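Copied from TrEMBL, the annotated features are:
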type	residues	note
REGION	1-30	region 'Disordered'
COMPBIAS	1-18	compositional bias 'Basic and acidic residues'
REGION	56-170	region 'Disordered'
COMPBIAS	56-79	compositional bias 'Basic and acidic residues'
COMPBIAS	103-117	compositional bias 'Basic and acidic residues'
COMPBIAS	124-134	compositional bias 'Polar residues'
DOMAIN	457-795	domain 'RNB'
BINDING	Asp469, Asp478	Mg(2+) binding site
SITE	Asp477	site 'Important for catalytic activity'
Amino acid sequence: CHMDSPRQVKNLNREPKRSQNRSTNPPQKDAYARLLNQHCSSKFSLYLEQYQDFERKQGVSDRQRWGQRRDTATSHDGDVESGEELGSLNPNESKKHLKQQKKTKDSNKDVTSKETDSFVGRPQSPNTAGTSVQEQEKLKKAKKKKLSRHPEEEKSGDATFQPGVDTQMSRPKSPFVQYFSVPIANSPVDKNKNKGPRGAKKHIFESYMTFEEVSHGLKRGELIQGQLRINPKKYHEAFIPSPDDARDIFLDGIVTRNRALNGDIVVVRLLPREQWKVDDTYQSMYNIFFVCKPHVLNVDISLITGSILAAQESNTHCRVCQRMMNVVYIVEKKHSRAVTGFLKFLPDKPFAMFSPVDHRVPRINILLADCPQDFISRPVDFAVTLFICRITNWAADSNFAEGQLAKTLGQAGEIEPETEGILIEYEVDFSEFSDEVLNCLPKNLPWTIPAEQMRLRKDLRKECIFTIDPATARDLDDALSCKLLPDGNFEVGVHIADVSYFVGENNALDTIAGQRATSVYMVQKVIPMLPRMLCEELCSLNPLTDRLTFSVIWILTPQGEILTQWFGRSVICSCVKLSYDDAQSMIDAPEKIFTAEELPPSDPEHPIDEIHQAVLNLHSIAKNMRTSRFTAGSLRLDQLKLAFALDKETMMPQGCYIYEYKDSNKLVEEFMLLANTAAAIHIHKSFPQLSLLRRHPPPKAKMADELQELCDQLGINIDLSSAGSLHVSTRNTANVFRCSFSDQMALYFCSGVLGDEPLFSHYALNVGLYTHFTSPIRRYADLIVHRLLAASLDCGPSLGLSKEDVQKQASHCNDKKTVSKRVQELSSELFFGVYVKDCGPLESKAMVMGVLDQSFDVLVLQYAVQKRVYCKSVPGLKSFHHHKVGKKSELTLVWSSEDPEKAPVEQEIALFTLVEVQLKADGAPMKYSAVLKRPEEIESH
């Protein structure tokens, strides 16, 4: 799943509000307050007196010590914060969830008690730990009382932190752990119901299996290994891929994740079938459309809304059984354990609470000794200061993690501190390149191509070759050429920067490039994979400059059929640097004679008319190739992408728009796809065991069946039998289905390790072999492919890697590509939050993508952002009513009439309903809300 909830800072001073349908239960005491009530021994009282004396010496006022503290259960835009106690969708589902937890824990007891002897360091089973089964049952029943309220009942900024069995916080071990001998999960209600040996600690999380036990379990098929994905919108839900390509395996609750974080490679054990989760199709559809792939383009609104109405009348639904497991071992901690967030002062505690911005990470306790010097005396001064914290420990008997502050970033909501926090949290190396690395670069500057290289390469410097890139691009790694032949065919070339010439295998430069694996593109800057001397100078195919390249040249028919193909090292001199807009203007005006002033500077050896004609020929061929590709079964995966206009001096956003994918973009894409496919076929033929390729698995069969059944119910005619049929059947309906259906990630792999050639194929492109060859300046995988190509053509050394080495690097490239994509998304979210604050409010149509009992989620179509609209927060709304049509949730909103003589206006909210919203900045940095507009306001437009 893709977009995490935006960053937030909570208002610590706002009083909880009371509104309709809100629970009237008194605020719960926090976990630490309950502990104070539980530990009234003379030893603990003495400790408190000593600590209070310490505070007085430090100048901590009584108001600071005893002042009100609370933690919001929802962010200011309604995003639910971390904590399993807030995980259900409504009070009724909360009860079901607790019953499910009870079943899960009972099952865990039954399953694990049989294997207790084989676990190293495992706590005693409930039957032998000094607590009876009856007492355990009473404890579980008592825990149900802790979830009396649900996040849907909490307005942003209103909720009181509710401690419970799954609170994601931990207390530091030293020097004060001796005073906390009972887990935080035990509330005052529980203290007489679960009396074990005095001072004995109850394990909240299951102890991990040993490496040997895990190895045997995996071999016997009793355990499953996979990468953990935590739902950013519903933190109690996590998944790992199913090895049999069935529906993903579900982990329900923080306890079942057993201290694993998002992205970690874990080993899980299947829970008994009676504990599997059952969902109806509409909730499953919500997960597919909104949580996993929130991209919508070219949506036929009338078709979708009409279809959903037809489905409502039929009252049909299906139920989906979700397998459930729990984590028993962490193979690799892929998550950095570094998080950005905020410090909160806790009166009378020897530690502060660190609240991560990413709510999938637990809250963390920080010793006051590790906090800033003035934090104790003036905590309010740090309320909106952004910190980096690293988790150092998370004990099995604790709900909270322990950690240390790594760095103070600065004011929350400011571009640079937030950006640095994103980079550190996702382990993006943005440090300066070391002298050892820079020493690998050419030292004789200005650099010129050695005469020996000119003799060994094909000289293409006289050809009409040009680049087409974004206007702001500096790392130009691909160029195109197109020459009409006497027989009516075309000589078309793709020329790629020869980075492998400058980056020798296994030197310091190669090592750091392999570690970074990709350049990371943010709104205002790029974190390069290679030193800028290479990225922007020696390797970049800058105009009017001789450059080393790797070329593939074809003879193509006007329809794009390949007649001949040549691969080899070359030398080019680009005659002009065109932007996508420049190329598009040529495509849009085929008869126009462009003047020199209308285009960037070009080589006088190649007139503007010659360049214009080459662009038109490439466009014509690309259109034919594209048509043929989709006819043969390719699938177009569209995604909305926000672009920003930045102030040149301040780099602050001045404008925001959805990036338009034009014919000039499609032209370049088509020939890059052709070159990548050609390179894959070539290297695999030469090195069938060593090739680094890229595959895209087909959708999992279970998801395909469920989506097909759902579309049938909605009356949407869609064919999911292949990528091509899906593309054809959704061209005039909803690309949302196309995007969601192909949610499987494309992956790099080594051909010799995967072995089974049918698995090599790329589903979306409908090709048997594919790789990345065209961007070696910014992708390390392309650099390996260049080395394989050079070795196959006897113009470079053999690759000094085994197939295991190639697979290891391929996996690392996969991880870094995922990180790069996420960082780019977070950067866009950051700038959009600032843009709403500075330039808002903004108005847009929005599509309802999920309906809950007191709120609904929308996709804001003009800006491609997701927001939750809380009914209680909508101004002018008199009341609302939640009901179900079949198994599908709907809301009826009743608006107060502005004219007393007129009746209230009703508005129906259902899946795919179109509404109008206004995006307005909240008081907290980077936070903004979607405010629903009144129906009459919409009609008045």
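Keep in mind that glycine also has a Cβ here, set from the backbone N, Cα and C atoms.
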Cα-Cα distance linking Asp469 (Mg(2+) binding site) and Asp477 (site 'Important for catalytic activity'), given in Å to the nearest integer: 9
Model confidence over the domain 'RNB' (457-795) (mean pLDDT, whole number): 90
Asp477 (site 'Important for catalytic activity'), number of other Cβ atoms within 10 Å: 24
Same chain, 6+ residues apart, C-beta under 8 Å of the C-beta of Asp469 (Mg(2+) binding site), given in sequence order: Leu476, Lys577, Leu578, Ser579, Tyr580
Close in space, distant in sequence - Asp478 (Mg(2+) binding site), Cβ under 8 Å, 6 or more apart: Thr467, Val494, His495, Ile496, Ala497, Leu541, Val668, Met672, Thr774, Ser775
